[in-house]
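Chemist: This structure is in structure tokens; I'll ask about it shortly.
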Amino acid sequence: MAAVTMSVSGRKVASRPGPVPEAAQSFLYAPRTPNVGGPGGPQVEWTARRMVWVPSELHGFEAAALRDEGEEEAEVELAESGRRLRLPRDQIQRMNPPKFSKAEDMAELTCLNEASVLHNLRERYYSGLIYTYSGLFCVVINPYKQLPIYTEAIVEMYRGKKRHEVPPHVYAVTEGAYRSMLQDREDQSILCTGESGAGKTENTKKVIQYLAHVASSPKGRKEPGVPASVSTMSYGELERQLLQANPILEAFGNAKTVKNDNSSRFGKFIRINFDIAGYIVGANIETYLLEKSRAIRQAKDECSFHIFYQLLGGAGEQLKADLLLEPCSHYRFLTNGPSSSPGQERELFQETLESLRVLGLLPEEITAMLRTVSAVLQFGNIVLKKERNTDQATMPDNTAAQKLCRLLGLGVTDFSRALLTPRIKVGRDYVQKAQTKEQADFALEALAKATYERLFRWLVLRLNRALDRSPRQGASFLGILDIAGFEIFQLNSFEQLCINYTNEKLQQLFNHTMFVLEQEEYQREGIPWTFLDFGLDLQPCIDLIERPANPPGLLALLDEECWFPKATDKSFVEKVAQEQGSHPKFQRPRNLRDQADFSVLHYAGKVDYKASEWLMKNMDPLNDNVAALLHQSTDRLTAEIWKDVEGIVGLEQVSSLGDGPPGGRPRRGMFRTVGQLYKESLSRLMATLSNTNPSFVRCIVPNHEKRAGKLEPRLVLDQLRCNGVLEGIRICRQGFPNRILFQEFRQRYEILTPNAIPKGFMDGKQACEKMIQALELDPNLYRVGQSKIFFRAGVLAQLEEERDLKVTDIIVSFQAAARGYLARRAFQRRQQQQSALRVMQRNCAAYLKLRNWQWWRLFIKVKPLLQVTRQDEVLQARAQELQKVQELQQQSAREVGELQGRVAQLEEERTRLAEQLRAEAELCSEAEETRARLAARKQELELVVTELEARVGEEEECSRQLQSEKKRLQQHIQELESHLEAEEGARQKLQLEKVTTEAKMKKFEEDLLLLEDQNSKLSKERRLLEERLAEFSSQAAEEEEKVKSLNKLRLKYEATISDMEDRLKKEEKGRQELEKLKRRLDGESSELQEQMVEQKQRAEELLAQLGRKEDELQAALLRAEEEGGARAQLLKSLREAQAGLAEAQEDLEAERVARAKAEKQRRDLGEELEALRGELEDTLDSTNAQQELRSKREQEVTELKKALEEESRAHEVSMQELRQRHSQALVEMAEQLEQARRGKGVWEKTRLSLEAEVSELKAELSSLQTSRQEGEQKRRRLESQLQEVQGRSSDSERARSEAAEKLQRAQAELESVSTALSEAESKAIRLGKELSSAESQLHDTQELLQEETRAKLALGSRVRALEAEAAGLREQMEEEVVARERAGRELQSTQAQLSEWRRRQEEEAAVLEAGEEARRRAAREAETLTQRLAEKTEAVERLERARRRLQQELDDATVDLGQQKQLLSTLEKKQRKFDQLLAEEKAAVLRAVEDRERIEAEGREREARALSLTRALEEEQEAREELERQNRALRAELEALLSSKDDVGKNVHELERARKAAEQAASDLRTQVTELEDELTAAEDAKLRLEVTVQALKAQHERDLQGRDDAGEERRRQLAKQLRDAEVERDEERKQRALAMAARKKLELELEELKAQTSAAGQGKEEAVKQLKKMQVQMKELWREVEETRSSRDEMFTLSRENEKKLKGLEAEVLRLQEELAASDRARRQAQQDRDEMAEEVASGNLSKAATLEEKRQLEGRLSQLEEELEEEQNNSELLKDHYRKLVLQVESLTTELSAERSFSAKAESGRQQLERQIQELRARLGEEDAGARARQKMLIAALESKLAQAEEQLEQESRERILSGKLVRRAEKRLKEVVLQVDEERRVADQVRDQLEKSNLRLKQLKRQLEEAEEEASRAQAGRRRLQRELEDVTESAESMNREVTTLRNRLRRGPLTFTTRTVRQVFRLEEGVASDEEEAEGAEPGSAPGQEPEAPPPATPQ
């Protein structure tokens, strides 16, 4: 047995199976790089330069050559720039050899590192290869363009192929999962993961497309051979519906985002069910977390769901009218426009409708869906406003509400009432509650979101109903997961948390599947394996989100906060920070300015979350009134999707639509939040995925710009790190990814080792080991476990190829044996036939001998006569027997037919029964096993249930105890309440204690209610457990029938049990809490009992006091009556105060009304003023009317002013009266309060004498106290109201003064406007009569004047502001001078204190210096220690990195060593085979060269032969023509013979000669025909040999061309890249050239316009003559205008001079302030100097210390004051500096404004000069006009020439610019030519290659054409030969007939005169017609015509 050899990687490079479209080849196969290891190749360079990868900021990693290598650092030289760097060795990564460039599987790379993986992906991506294998999964990079690799030809290419036989593709992954499902009978799943915009949705669609094509039922498949594209693939109905479900889901669930134009805003899991044969029998779609908030609100540059834009852009006019649609911009919910054009939206909308129809939706359902979509948009158009006096929301315009109600089938009134004033339940009653605007808006948005989400869920259920036809027929399923990718925005919300949580779980599943389960299986199987920890455990982050308790995660905390009524988002964030603050994956915001509330460290990076409205999103509340209306809608769809809202309060039951039919009603009390529902659905999804065999497709985003052909290395590296690509490749290389059971391995591969295992050997493990030994596999390539055998990557694929080869050899041998057997049997049959023929020949020969023998004849005649007599009888008997036999035969035939049918039926029944029996046996065995497992599981569950029941019993007992305790406490409470009621009338203290006790009792009742609720929950959970137990039992019964789904439900039960255990733990925890609460209640009840004992004691004491007080009752009655009178008087005064307060409030309200009226009048006045201004500007011609209107307005203004003054006076009078009234009320209240105080004192003095009515007196006293407090509060309230009134009066006074000021300003503005109006009117009247040119210039002058006026006003205001600031500065300077003098006076008293202060300061400085020195020394030591520690830490980290790197390199080296050993053995074997093949190939090449030369020589010979044959055929043609001529001559002679009988003899002789000549020609033609046939056979033989040789040469030539094509393809790509760059530059230059051409055209147009103006000026000359007189009249007006302009200019100059003077004054003031500031600085310095001198004097006077201690203290205080004053002075100086800087800035601004004014005045002066010049020109033109028309014409011509000169100058300038642009264009063209030359050079090289290819193809075609010509010539020669033969026979026959005629004529001539009959003439003419027809057939005969169609010879003419 030959050993099985393995390749390096265990995987062959994918060959090209079958014909692949040329357009797709470059996107599937990597181009071959010939001569990799040749001289100068990349392999030599890689080996010589020691190429490595080094980090790069731009490219991620950059190629470099290793120059020097040290222990820690190495020197490298960058390959691109040649720059040298020194880097740490751990930053340098090895480079793979060039032969691994663009590897299809990155597990094949010898150097596995980030740089190599990134380089391989980048090279493949730039080559258009987007799919790459990475070990066991596939990596796909989004190309952002359409690729031709998804056609039907590509699908057929991947169909039935193994992974290593075809290039990487998502089709290959799908095919592998599909085949694994069919072979292993295990459910599969394909998980497309990646970030948003990576291409997950598109790959999911391709997977479904492939499965629909491959696994479609036979009835839906096409006939083979019928071509079809992807769009026209014909499927079955179910497959077509499955494909059409995607456009519907994309329309309703996808939207445009910043990262992706077709982003899935929901997750989906598509489950495709297959039967046993592998055909699709159904499908099911599960969706997760639709982003419903996108329907009402979108971020910037993002859009809503596609269906909105498709509906608005694609609906017809009738549909728009039915759905009440409006343009997109009219909807508030659509903030951004559509992402595509209206035409595309229309096409997409029609596609969506067609998909809905394909899936079986009725037209009514489709219309109802679109109606609901339109209604969602109408929700946003409802506008609500706030009422003026209240916060209640109103709907002023209900148009949108009417549209909404019409679409949803609601009543407008009911909808408005339910929205604005919903009914809420308060106690047992329902009340109407007014909603605020914010609450109503929120309710509208919540309803819109809920409506769209419910519509989406209904649509998914409808699709599942159409797809899931027969759920029980599915044997297995294949699931495709497409869920939203990881999202990291600037601020992320609750939706992003759910999406990222899902991706965390999926990545954890990937890590667990790839790294943990894989290694655990190695350990279970006993394989020697060291567990590798890749550090990719994401469980901490998942626990942070989903952990239920200890500590609770984010979702649990969010649910907990949702239960508290006063909880907010802020409290949630605080609780999260408190519970999870120390979690390693949780971070708080480091900066207070951060907008994020917290951050989570996900596997893809840090994500900042903003917890805004998280509680509302989690609870998802709805307006119950509107929801109930929607449930009762008349629209069927609306009522159906809102079916489950009945009974829901506060929270939306989201699960009802997701898990059951739309009409299912949720259980009451089960309030489920969005987070809980999503967590449960995600748990179900993960359980489903964990039960399947997952296949991962990792989608990568190349860039965020969505540009094709661009790859950002950093972005791709981050995604590769997050996805665990390197770890997956490493475990694929180091591990054993392929495994197979012993029995299956033996059954499948025993064919490779036929004699290795003895017969009857049963041990599977030993059998596999014997097979492995026979296969001679390297021990490093496999491991033998306990039940399986494990292989490295690619080994099983190699064994599979060897098995295929072996099976192929066996089949070939079997076919050879079968063909030999058939050939031998045919040969035996031929031999039998030959012997039979010999016998027949012998008998025939004997018969021939006997037939002429007379006795034999006699015997033959006599013998039948002997049996004649018996013959009839025998015949009759035989006839009867024959009839009987025939009847029997027919009967037996019928019986046999019936029996055969019965046998066939029984056979079918037997096979069916056998198959059923076998299936039943299998099912029975499996069911028995399953029943046993279920029985065991049932026992376990029963134990669990009994335990739960016991616990529930304990809980019930506890609840009963609590109930009894509750009753006891209630009785005790009743006793306490009765006792307290008895004591309440006696003492106020007992009343207060009763209130506190009642509060405690209420608290106890609430606690008891909580306990009851918990008890009810426990009972409900118990019932739930019982229901689940019943469900489990029923499911167990069903599971005995359903064999397939047992393994799936097992894990589901385990998950349920784990949930039960969690719930039991929660119940135990709750029970413990209840016990704690019980103990606390017991303690509190004991305390209450003690308190009650104390209260009883107090009550007894009070009763004793009551007995003592009974004697004093009578004396207290009189005093009580007096107190009642005082109280009545106090109440009366209180009522009077309240009346005064009411009057004050009424006055205040009147004041408010008056103020509002004044404000309204002021606004009306302002509006009338604005209207007046507008009317003044609009009516410039009606000056008198405007004057009257202005006077009228002034009168109104004065009247308003008077009215305002009167109102202010009235207001002052009313305020004075109010003050007096209030003061009187205060006096009265003070007197009353004084009386009350006196009454209180009397009552207190006489309190000891009260006996009888103690309780009543105390009650009255308490009422008096409360009334007093109320009076005090009212007094304070009145005082505060009085203050408010005073403040409001001051405000109104201020407002009145402001209104007066505004009126004054308005009057001033009115006056200025009136003056400006009069000026504008005069100017407008004058300017209206001027020429158009003068109008424009004067208009400019007016604008300049207005700007100068505005500038003057602004300057004046700024000057006033500067003056005010200067005054402020003066005051500050005076204050500073005063402060400085005060400081100087106080400074003298500080000298003694300064010495002591200095001494203390010096001592403290010495102490501080010593401490500072110690601190510096300690800091230096700490710094050195820190530095040492950092160095040690860095060294340790460096050593750790080096250790990890060396460990990794050691692992790689170990793997590489094993592979190299295997490679070495393989290469040695291959080398030997290659040497042998090389020798054979060389010999074959030599033989092929010789054959080619020989064939070329033969070809040349054939060409010569063909030419000679052509010439021979031409000669034959000439001979035939000659014969035809002879025929015609003979026919002419025959006619002459018939016409002339005298010349008969001569004709006979001539005919005889002609016959001989024809016979000679016929014999020559026969010889030529035989020669041509011989040559034709030789030519055919040569053609066959030539075809064989040409095929060999063609194959060799195609191989050569393939190599050249690959090299040319690589070169072509480089050229294409350069060409693209050149095209980009060329486009830029084209744009510049287009701009230049546009400018040129513009100039040309302007030139043409100037020419047209020139011609128009000639025509306008006459009009100028006509207007001359008008101009003379207008000249005077122009002079007046010029004079006015001059006067205004003079005024401007005077104003500017005044401004300059003011500016100079300000500058002088600034200088003076600067001098004062300098003087103050000098004074300050002098004061400091004096202070220093005084300090010295204090130091000298230190001897008299004892006497001056008091002075010292005073000086110290003074010194502190001086220091404070000094600080104030410094602050003042700083303020002065600031003021100075502001002044400098203002001076600068004034300077700029002055310069601007000067420029304006200069412009005005230039305008005036221009006007003067124009006037002079007009005067000159007037003189010239007076001189003559000719002079005027010359002036016009001169003016036009000047304009033309200007135009020419402009044109010249434009021409210069055009020349410059032309230079740029020429430069660009030159560069373009260089690029084009370079491209042409490259193209020339490619053309040379192409020419060589075309020459070879032409040579091949020429040879083929020569062969075809030779064949055609041979066929023509054969046809000519046949034709000549036929003609020869015709001529021969005609000659014979002529001879017969001649002989006949001769005989007749001899007998007598010749007489011709009609028959003779007819025969002669028939002969002529026959000859003519022969000629026609000879002329029209085809080369390939059959020679059998010959005309019959005419019969010889016989005499009548």
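Here the Cβ of each residue, glycine as well, is placed from N, Cα and C on the backbone.
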Chemist: For the feature region 'Actin-binding' as recorded in Swiss-Prot, pick the matching range from 153-175, 682-704, 797-819, 1349-1371.
Modeler: 682-704
Chemist: Given the candidates S925, S1208, S1799, specify the residue that Swiss-Prot annotates with phosphoserine.
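Modeler: Candidates were S925, S1208, S1799; Swiss-Prot attaches phosphoserine to S925.
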Chemist: Can you tell me which of these residues Swiss-Prot lists as phosphoserine: S1085, S1280, S1688, S1773?
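Modeler: The residue tagged phosphoserine by Swiss-Prot is S1280.
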Chemist: Which of the listed residues, S1389, S1855, S1973, has Swiss-Prot annotated as phosphoserine?
Modeler: S1973
Chemist: If you check Swiss-Prot, which of S216, S1214, S1249, S1262 turns up marked as phosphoserine?
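Modeler: Of the listed residues, Swiss-Prot records phosphoserine for S1249.
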Chemist: According to Swiss-Prot, which residue out of T33, T421 bears the annotation phosphothreonine?
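Modeler: The phosphothreonine feature in Swiss-Prot corresponds to T33.
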Chemist: Cα-Cα separation of S56 (phosphoserine) and S925 (phosphoserine), in Å?
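Modeler: That separation, Cα to Cα, works out to 64 Å.
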Chemist: Restricting attention to the domain 'Myosin N-terminal SH3-like' (47-97), give the mean pLDDT.
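Modeler: In the predicted model, the domain 'Myosin N-terminal SH3-like' (47-97) has a mean pLDDT of 86.
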Chemist: Which entry in the list of modified residues, S56, T1198, has its Cβ near the fewest other Cβ atoms, using 10 Å as the limit?
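Modeler: Per-residue Cβ counts within 10 Å for the modified residues S56, T1198 bottom out at T1198.
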Chemist: Can you check what DSSP calls S56 (phosphoserine), collapsed to helix, strand or coil?
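Modeler: Going by the DSSP assignment, S56 (phosphoserine) falls within a strand, counted as strand.
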Chemist: Would you mind checking how many other C-beta atoms are within 10 angstroms of the C-beta on S925 (phosphoserine)?
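Modeler: Total other Cβ atoms inside 10 Å, all chains included: 11.
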Chemist: What does DSSP give as the helix, strand and coil breakdown of the region 'Actin-binding' (682-704)?
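Modeler: Secondary-structure composition of the region 'Actin-binding' (682-704): 9 helix, 8 strand, 6 coil.
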Chemist: Cα-Cα separation of S925 (phosphoserine) and T1198 (phosphothreonine), in Å?
Modeler: 113
Chemist: DSSP on the domain 'Myosin N-terminal SH3-like' (47-97): how many residues come out helix, how many strand, how many coil?
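Modeler: Reading the DSSP string over the domain 'Myosin N-terminal SH3-like' (47-97) gives 6 helix, 29 strand, 16 coil.
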